[in-house]
């Protein structure tokens, strides 16, 4: 017995994937309705999953075989893509599958099937009809023949395409022909034979100027195929856009002896230079593992003395790349100068020492006459370079035994001993140098000793200890009067703390000042104010009260580096906290400049930092906070600690100017204004904060400043962004209109809107303009409304006053400072004789209609938002329509109840009601200039 119910739901996609034909047959009437998110039918899906032929036969009877998904692909596209088989292709084509259908990439099924390596010529024939454009080009201008060559299909497939009319000289978007792809992918010799029968294709160049022969050398096409290309007319000396020939590329990538010999035999020039001046021979010596190819090139006329654009010859390149000694010997035997300099004055010996040479190669160069004391453009010898690249005593011994001079200094008067002290583990090398009479006491042009250098580079303690034991003074001064301890304190490496401890234990003076007045403690605070190091120095009597020549204490430097509060605590006392340096800046000022964290400012303020100090330009710390867009918490801390928000700098700019000029946080700007910052203040250039915000096209800040009735003084509307200019001008136009409305005779601005004759104040255009701007509390509007309260209550009916109240109320909904607006509305409601306690309750606003009871007016968008903006779509209510007695339970029903007039929009009512967020509904522009009339109803909260 069939247990399945008629309305049984099944997963059609799973049924197709599992080849469950029974389930599919049982629900075959529903097959045509099934589509996934990609708009694919079950037939698409069956081809993707390679379903059994029986499944496809069932689906194809119910589903359009040429239906397209989001990618414009048909089932045939997917059948060709997913390991095509003859039965599936035959079925689709016989059922009318369009072999000329294009997908979004303009691929025909033929393009796609030509990417499958194992297709047969019979399968290929199935997707070609007499009407098929065999040369159809996709978005990359590739034809099916391009793909057949790119994916290395069998030569029979390529041959069949050509016999059916495929052109071999059509370029793709990169100007590549099918032959280019064959040479790039190492296709069979038979395909090369087929494609080279047309002479025009053989030397065709792609977008990089490369011919098929170039690509054959780059990608290592077989010798036989390369030879066939040349025999068919490929030009062996053709240059691409980089001025490289096929011989260049063979030497760079292939380095095959037989191919290089073939090129030379067919007339390849042995010494062409590419765009960098490199010859094929020079390129060969860029490789470390070489066969007999250099000899072949040299015997065929390659110029050993040729130089690239940096004056590097073959021997230079060979030494740079650690070429085998026997190859080096062959080059030298050919007569090349072993001491030839490059553009920087480096000889082959310099280059080989720079790259950590083999001992045999180093000995060979010296035996062939290399000068061990030759100096380059910076007066560096091979020994200088070896000190940085190697720690091998054997290599140093070879140079020293060959006469290398340890006293030769470079352009900075640094000897090889200085270079050795730049690298850890140099103690054995220094010991070796001493046996060859190296001067351990030598100094460079800055009068730095070896110990200075060792501390500067943060090398190992053993080497430093060795230098001190040799008699180098631990308190030696360089030209800046800095000791090794100064250098150790400036180093940020892992060994810096251990080095500082070591030097102190060896007796280093801790409060020595350099020529700038800096002690080691200053250096630590300036470079790396680490708690462990600072604490160690202070515990060992480092003086925190020593000032530099610029009157800076260590605390100044630490604040400038955004040191943590625990570090600052070590450096703080009454003398340092508010000390002014030469720029009249305190540690607190530097912390503001450095954008320190809140806890740092809390610490400094708690310790008595002056928040109103001024530098030479009269910048206060608050100026820098606003300049650097500090957080609201930091700004609040400063202002609550007494920071003057009206402090003017040298150019009469206040912190508010800085905040608006630098796209500051709205919360910060609003807090500055609420704290007394003058928004009308003009700087030296007659610019107000609004001018800077408008110039920066910062809509949010402009709106905020407008909400406080910022003056238009200094604004150049012609130079402003048009949208900003329109926003500002519209704002003040609305203010003027609203003021005129309130100052005129109230009776001239009211019209009879409701069916029972109650008069309603309403001006559609003005009303919507005012509300759409979402104006926060504006002083001008606020004061004007207050001045009209008595007039409204005394001269007009309670109904008119209520209508006026609703009009006023709608303008105070979205306030940055809602308390002020609520105060005005509360005062108005009290004058009307109503209970205004609901105004001060957040939930009480939902009881507005219950309390007023007389509300019959055209409500504004803002009023709706005030009532329902915080409510979720699914929130439940009890709302009773008195006229019908119907209880409205959901927000959607409530919105539908309000909606009585036509909507000037293409959106249907249902679409409108289904929007997820009611806030979005009430903010849509399509509500502009619409009238909403409400029937009397009672509005109660549903109590849980």
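Note: Cβ is positioned from N, Cα and C throughout, glycine not excepted.
Outside the repeat 'ANK' (71-104), and at least 6 residues removed from its termini, the chain residues within Cβ reach (under 8 Å) are 38, 41, 43-44, 46-50, 53, 56-57, 60, 65, 110, 112-113, 115-116, 118-120, 122-123, 126-129, 131-133, 136. Residues or ranges marked as repeat 'ANK' by TrEMBL: 71-104 (among others).
The annotation repeat 'ANK' is assigned in TrEMBL to 140-173 (among others). The average pLDDT computed for the repeat 'ANK' (140-173) is 93.
Feature annotation from TrEMBL assigns repeat 'ANK' to 242-275 (among others). Listed by sequence, the residues of this chain that lie at least six past the ends of the repeat 'ANK' (242-275) yet keep a Cβ under 8 A from its Cβ atoms are 208-209, 211, 213-214, 216-220, 223, 226-227, 230, 236, 281, 283-284, 286-287, 290-293, 296-297, 300-303, 306, 308.
Counting residues per DSSP class in helix, strand and coil order gives 12 helix, 0 strand, 22 coil for the repeat 'ANK' (276-309). What TrEMBL lists as repeat 'ANK' is 276-309 (among others).
If you look up TrEMBL, you'll see 344-377 (among others) marked as repeat 'ANK'. Within the chain carrying the repeat 'ANK' (344-377), a Cβ under 8 angstroms from the stretch's Cβ atoms is held by residues 310, 315-316, 318-323, 325, 328-329, 332, 338, 383, 385-386, 388-390, 392, 394-395, 398-399, 402-405, 408, 410, all 6 or more beyond its ends.
According to TrEMBL, the feature repeat 'ANK' maps to 378-411 (among others).
The repeat 'ANK' annotation in TrEMBL covers 446-479 (among others). Residues 412, 414, 417-418, 421-427, 430-431, 434, 440, 485, 487-488, 490-491, 493-496, 498-499, 502-503, 506-509, 512 of the same chain, all 6+ positions outside the repeat 'ANK' (446-479), place their C-beta atoms under 8 angstroms from a C-beta of that stretch.
TrEMBL lists 480-515 (among others) with the feature repeat 'ANK'. Among residues of the same chain six or more beyond the repeat 'ANK' (480-515), those with a C-beta under 8 A of the stretch's C-beta atoms are 446, 449, 451-452, 454-461, 464-465, 468, 474, 521, 523-524, 526-528, 530, 532-533, 536-537, 540-543, 546.
Residues or ranges marked as repeat 'ANK' in TrEMBL: 516-549 (among others). Within the chain carrying the repeat 'ANK' (516-549), a Cβ under 8 angstroms from the stretch's Cβ atoms is held by residues 480, 483, 485-486, 488-492, 496-497, 500-501, 504, 510, 555, 557-558, 560-561, 563-564, 566-567, 570-571, 573, 575-576, 579, all 6 or more beyond its ends.
With a cut-off of 8 Å between Cβ atoms, the residues of this chain six or more beyond the repeat 'ANK' (583-616) that come close are 550, 553, 555-556, 558-565, 568-569, 572, 574, 576-577, 622, 624-625, 628, 630-631, 633-634, 637-638, 641-644, 647. Look at TrEMBL and you will find 583-616 (among others) tagged as repeat 'ANK'.
According to TrEMBL, the repeat 'ANK' annotation covers 617-650 (among others). Listed as Cβ neighbours of the repeat 'ANK' (617-650) (distance under 8 Å, sequence separation of 6 or more from its ends, same chain) are residues 586, 588-589, 591-593, 595, 598, 601-602, 605, 611, 656, 658-659, 662-665, 667-668, 671-672, 675-678, 681, 683.
What TrEMBL records for 651-684 (among others) is repeat 'ANK'. Counting residues 6+ beyond its ends, the repeat 'ANK' (651-684) has Cβ neighbours under 8 Å at 620, 622-623, 625-632, 635-636, 639, 645, 690, 692-693, 696, 698, 700-701, 704-705, 708-711, 713-714, 816-817 in the same chain.
Note on the repeat 'ANK' (651-684): DSSP counts are 16 helix, 0 strand, 18 coil.
Taking H, G and I as helix, E and B as strand and the rest as coil, DSSP gives the repeat 'ANK' (242-275) the counts 18 helix, 0 strand, 16 coil.
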